[in-house]
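So that you can see what the record holds, here are the features copied from TrEMBL:
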- C265: active site, nucleophile (ACT_SITE)
- C139, A140, A141, P142, G143, G144, K145, E162, D193, D211: S-adenosyl-L-methionine binding site (BINDING)
- 44-334: domain 'SAM-dependent MTase RsmB/NOP-type' (DOMAIN)
Amino acid sequence: YLSQLGWGYEGKPQKQICQVVLDHFEKQYTKELGEAWSTVREVLTSPLCWQYAVLLNKFSYSSELENNLHLKGYLSLFQETLPYLPGSLKCYISRTPGRFPAQKHQIGKLKEYYLLNAASLLSVLALEIKDGERVLDMCAAPGGKSIAMLQCAWPGHLHCNEYDSLRSKWLKQTLESFIPEPLMNLITLSELDGRQIGDLHPELYDKVLLDAPCSNDRSWLFSSDIQQATLRLIQRKELSSLQVQLLRSAIKALCPGGSVIYSTCTLSKAENSDVISHILSSCSNILPVDISELASVVSDEFSLVAGVQPHELLVLPAKGKAWGPMYVAKLKKT
C-alpha cells in the first residue's frame, strides 16, 4: 500500500524515475539485451525489490551477528565449490528484498559488516588475491571492494587510489571503520589521476582492480536533476575512451605475469566488452583469462548473460536475484 502512494520502507519517500534516462536506456538496451531488457528494467525501476548483501568483517567478527543473520533467514552467498574462495570471506544474502540496518560509526570500534551489491564481490573473487601480493585498487571509493580484498588475503601492499577528493575522504573513512590500525600500515591512499599511475609506478603490481567510472545504470535512472541527467547521457559517449586510457594505465602498472580485473556497474556494451576487445586487439602483451568456471559456479545466485566470451561475465538484475548490473573481465600481462 505504501509503495502505491510512492512511499517506501519506513515511510521514506520513494525515488522518482528519470524519464529522460529511462527512454535512453530503453532504446539502447532493447537493442543490446533483446528480450532480457524488460525483466531487467522491471527490477532496476523498482527499488523496493533491490537486495543488499551483508559482508562480514573478519577484523571484528561477531558470532552473535552471524547467528542473528541465520535467524533472519540469511544464507551464505558462496559455496565451497568456487575456484577461489578464501574461508575468511563471509557474505550473507536474503532471498527477500530489503536492507539489513546499516551500522553507525563509533570512534575506536570497528564495524562488523558492510552492506553491498553482492555482484561487486565477483570482481574481487576473479582477482584471486594471495598473501604478500602488491595490489592496486585504481578507482577505490567508496571502499567496499578494498575491504573485500582484505577479507581474502593479507597483501604485501595495497594501494587504494581515488581521483575525486570528496570520494577519497569517503574511502579513507570506510577503511578506518573496518581495518585495524596495524594493517592500515600496509595500505597507501592516494588521489592520483588513474591514467598516470602506469607511468608513475610501471610494472609494480601483481594484481590491479580497475572498477572503472561508468554510467551507473541504477543511480542514473533516479537522477533528480533532469539537466544533469541529459548532460550525463551526452557525456556517456566519451566514457569508453576514458575507460580505455585507465585500463592501459593499469596494464602499465602490472608486472609481467600479473593480472587485471576490469569491472563496471553498467550494462552498456560500449563500456564493457567493447573496451576489452579494443585492448585485446591493440596490446600484444595482453591475454584474456578464462573466468567461465567462476561464472558457472555462481550462476545459481546471479542471473548471467549467456553467450559472453570466456574471459568476461555480465550480471543482469532479476527478480529474487536483484544483483548487478555488474560486468567483470580478466586479462593477464605476458
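Quick reminder: no glycine exception, Cβ is built from N, Cα and C everywhere.
TrEMBL entries are annotated by machine, without manual review.
Here the features listed in TrEMBL are placed on the structure.
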| residue | record | contacts (Cβ under 8 Å, 6+ apart) |
| --- | --- | --- |
| C139 | S-adenosyl-L-methionine binding site | N161, E162, Y163, G194, L210, D211, A212, P213, L246 |
| A141 | S-adenosyl-L-methionine binding site | E162, D164, R167, S168, W170, L171, T174 |
| G143 | S-adenosyl-L-methionine binding site | C160, W170, L171, T174, L175, F178 |
| K145 | S-adenosyl-L-methionine binding site | S120, S123, V124, D137, L209, D211 |
| D193 | S-adenosyl-L-methionine binding site | Y163 |
| C265 | active site, nucleophile | N117, S120, C214, N216, D217, R218, G324, P325, M326, Y327 |
Reported mean pLDDT - the domain 'SAM-dependent MTase RsmB/NOP-type' (44-334): 96
